[in-house]
Amino acid sequence: MKHRTIAAALAAALALGLLAACQPQSAGGSAAPTSSPAVEAGLPKQSRVGYFFDTVITIEAYTDDESVLDDAMAECQRYDDLLSKTTEGSDVWKINHANGERVAVSQDTRDIIEKALEYSELSDGRFDITIEPCVALWDFTGENMGVLPDEAALAEAASRVDYTKIDINDQGVQLPAGETIDLGAIAKGYITDRIRDFLVERGVTCGILNFGGNVLVIGSKPDGTDWNIGIQDPDSTTGESIAVVPVHDSAVVTSGIYERGFDLDGVRYHHILDTSTGWPVQNELAGITILAGDAFDADALSTTVFAMGLEEGTAFVERLEGVEAVFITRDEQVSWTSGLNDRLTLLNNG
C-alpha cells in the first residue's frame, strides 16, 4: 500500500481545477486508443435523470434511440416497486410483514438475498441484511436526525440480527415472526447491473450509469480511452476528488461516513452499522471505494470491507480475484490494493 494525505491531494486538485470524473489519466504502457463503435456510427449522447432507490440516478448512453433510455428508467421504477421495503406490496415489504409465513418472491429478489447470504458467510456476519431492526431505530436524514436511539432498544434489536434465520428455497423466503430484512446495502448494485444488461441488449456499447455513488461504465469512452472515475474526498462538502482511476466495463462503488449521518459531541454517527451492536461502525476509515467487474459485488463489498477496517479489509480484498479497493482513513491517509499501483493517480503535486 501507498499513503498520501488528503489535505495535500485536495489542495493540489483545487489548484489545478480538476473535477471528479473526466480528467486526463496517464496509465503508462497502454496502446493508442481507437474510437468506440458508438462514435464511429455517429451516435448522439442521450441522458436521463431520475429519483429511485432513495437516491438520484443518472444514465448516459450513446444511442440514436431515445426510447432505450426511457425504457431503462421504466425498468428502474419496476425494480424500485419490487425491492423497496417501504412500498406496500413489494417483495421486501411482503417478507417483512409475513409474520413468519413463507413468501413467494421474484427471481430478482431471490438472487439478491442469496448473494447477500454469500457475503454474510464470507464476512463472518459483518454483512447482514437482517440488520433492519437496528436500521429502523436510526434517522440519518429526517426530522429526528441527531437523536440517538434508546440504548436498550438498540441492544434488543441487535440481538435479533442473524442471517442464518433466513430460510430461502424455490418456494420463497421465510423469516421468523417479527424479523425483517433491509436490502439497501446490496440491491442498488444488483439493479445497476441489470440496467447495464438491459442497455447492452438494446445495442448500447458506450455509456455510464451513476446510481447514487454506484458508478458503472459500459465499454470505453467515445474516443476509445478508459473512463476516468474520481474518488471523492470524504471531507469535501462539494464533491471534490482526491484521485482518479481509469476503468472500462467496470463498476466503482463508494461507501463512507460522509454519505448519511450526523455529528454529536465529537462523534460521527453514520449509516454503516455494526451488525453485532447496531451502532455505527467505529474504525479508522472515513471512506472506501471498491472496483469490480459488477456493481452487485462491489456494492456488497463496499459495506463489508468498510466494516472490517483498513488492515483486515485490505487483506480480504487482496485475496479476491478481479477486485480492488481504495481506502481513505479519518486521519487523511489514502491507501489502495496492489492491483491499482500502476492505475490510480492522486490529484496532487507529487
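Cβ from N, Cα, C; glycine included.
Because TrEMBL annotations are produced automatically, they should be read as predictions rather than curated entries.
From a predicted model like this one, the values you see are computed outputs, not experimental measurements.
Over in TrEMBL, the protein carries these features:
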- 1-20: signal peptide (SIGNAL)
- ALA185, ASP299, THR303: Mg(2+) binding site (BINDING)
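Residues PHE127, GLY184, ILE186, LYS188, GLY189, VAL253, SER255, ALA300, LEU301, SER302, THR304 surround the recorded Mg(2+) site, their Cβ atoms falling within 8 Å of the Cβ centroid of ALA185, ASP299, THR303, which are themselves excluded. Each of the binding-site residues ALA185, ASP299 was ranked by the number of other C-beta atoms within 10 Å, and first place falls to ASP299. Taking the Cβ of THR303 (Mg(2+) binding site) as centre and 10 Å as the limit, one finds 26 other Cβ atoms among all the protein chains shown.
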